[in-house]
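Some features that TrEMBL has for this protein:
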type	residues	note
TRANSMEM	17-35	transmembrane segment
TRANSMEM	47-67	transmembrane segment
TRANSMEM	131-156	transmembrane segment
TRANSMEM	162-180	transmembrane segment
TRANSMEM	192-213	transmembrane segment
TRANSMEM	242-261	transmembrane segment
TRANSMEM	282-304	transmembrane segment
TRANSMEM	342-366	transmembrane segment
TRANSMEM	387-406	transmembrane segment
TRANSMEM	418-437	transmembrane segment
TRANSMEM	444-465	transmembrane segment
TRANSMEM	509-530	transmembrane segment
Amino acid sequence: MEEICIIEGGLFSWIDYLVLGVVLVGSCLIGTFYACTGPKQTTSADFLLGGSSMGTIPTALSLAAGYITAIELLGNPSEMYTHGSQFWMICLSFILVVPITSYFYLPVFVNLRLTSSYEYLERRFNRHSRVLAATMYLLQMILYTSVAVYAPALALGHVTGLNTYVAVTVVYIVCIFYASQGGMKAVIMTDTFQALVLVASIFAVMLIGNHYLGGFKHIFEANLKSHRIELFIMDPNPTVRLSFWSVVIGGTFYWATMFCANQASIQKYMSVETIGQARRAIWTSCLGLIIVFSINFYTGMILYDQYQNCDPLLNQEISSSDELLPLYVMNIQGHLKGIPGLFVSGIFAASLGTVASAMNSLAAVFMKDILDSLCGIIVPDEKGAIVSKWLSLCFGILSFALVFVVEQLGSVLEVALSFNGITGGITLGLFSLGMFFPWANSKGALIGGLVSLLLVSWIGIGAQINTALGQNLSDHKMISIDGCPCNLTNILIEEIPDELPFWLYRISYLWYSAIGCLITFIVGAIVSILTGPTKPSHVDSELISPPVNYILDRLPNKYKEKLNISLNEKKPKSKSSSKEGIVNQGLSLEPEIHVRL
């Protein structure tokens, strides 16, 4: 007869519901306040860019909040618990990405003063490459936001008892309310509040856990004995799930897609007055990411010390590793009234930040790239704000509706997360091709993007199918159930597959963005050369990254002639005042002396 194991844990108290309610109502009130105060929002620039009047610190916190999803808040501690500390080296990627963004990509976007970043691709290449990138972004973000809200809500529901559908519905109602009414200004200011709640929640859980287990020394030694402390796995094999190279190099490419080629991020860069403010906001958000990821991984160490003799997943207390942290909070810290409520509020805050930024960016992309560029429907500037509000509302409702589709698709959750890196890598490749290779032409960009999309999608989807079939090896660290108060007798032990899948399907998911970017760039450059390269002198200098312009301008004359850089032709006049983009008059390339806080 199967033994029944009853796990006692904490339950949500009225204090926890009060804390959660304060966070949700606070988000609505802050969003409403900034939607109703200040200059009236009448144009697209007012709604989508906050009138380019946002402060450095709020923008920085909003950037960090947009990058930190609820999936990561639950996934990073379980990553440490299950696979070890190698992934913490992703913090090096943040440090590498910031100067790349600040000096290679950001000046181009600031010079052009665009609302949709994909307009760059039409100016540099043609409309087809712009529509390709914009369509990928629309599909990616609509699906990803559904996953980013549903997956954490499901994990919380299984452990805390909160109804998953109620949690998802509340997140979308709150988010749709303030994001569709207040635009970028409401998004950034509400994100600031939510970022503080997020950090407070994970910091509180970490401090309490550290105290209960006897401090850092005891926790570190427990993880060291289990071989979880490892930062320099130098194996160059790309099929190794986590190595120094995949985390730092592959991770740099992934985060470059988020910092350098993500519409939501670029809109926030455009919401401040000067490029100096934008750079400071990027550096500050980088610091925030490092702090949050470090707290997450130390919390993972706490989880291992707590459960080292009784793994909850193996003991069938939970059904997914994402439920590990909520289980710990409810069972170990649940008696501390308010802590479960604060923790769940932090998860909700991360979900709200993800959806709000997505709604605003989706509205911008659809209005500028689909309605304007593809369909030829030009929205008058005086009606831009109202159209943007309705588009934000529609995309919020569409994302909410897709939650109920995602729920039925199971393994598609992981496919959606991989697709996030795949499409981002291709978009980064297109921007890089245009900014760093002046000889690139429109045929190269389009063919490079399509070839990369087919190849990386094949690799990513094939990997997910093999994982679902149990054919991919895992690299789980040592776990045990010897200390469980009651051991289930029907525990399933993972078996080693008889035959490994094709090696491409075993490539670490961290390389997907790098592969997508490099294939797009290399194929695009080769096709451009074979089909007649563009003369660099015929390309608007504002479309080329400043360091590349600097190098080309200082080449000896004999090399300029060989590289088809004309010495006598004048480069085309800047198109920054084109009707396609919304002119962001506030942005200046000169750093501002007095920082707006």
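Glycine is no exception: its Cβ is also placed from the backbone N, Cα and C atoms.
Proximity of distant same-chain residues to the transmembrane segment (162-180), defined by a Cβ-Cβ separation under 8 Å and at least 6 residues beyond the stretch ends, is recorded for 12, 24, 27-28, 30-32, 35, 149-150, 153-154, 156, 186-187, 190, 344, 348, 351-352, 355-356, 359-360, 389-390, 392-393, 396-397, 399-400, 403. Segment contact holds for the transmembrane segment (418-437) and the transmembrane segment (509-530), given three or more CB pairs below 8 angstroms at sequence separation of 6 or more. Of the candidate ranges 17-35, 131-156, 387-406, 131-156 contributes the most Cβ pairs within a distance under 8 Å of the transmembrane segment (342-366). Through the fold, the transmembrane segment (131-156) approaches residues 69-71, 73-74, 116, 118, 121, 162, 164, 167-168, 171-172, 263-264, 320, 322-323, 326, 344, 347, 350-351, 354-355, 358, 361-362, 365-366, 369-370, 373-374, 395, 398-400, 402-403, 405-407, 413, 416-417, 419-420, 423-424, 426-427, 430, 446, 449-450, 453 of its own chain, all at least 6 residues removed from its boundaries and within a Cβ separation under 8 Å. Counting Cβ pairs under 8 Å that are 6 or more residues apart, the transmembrane segment (192-213) and the transmembrane segment (242-261) reach fewer than 3 and are not in contact.
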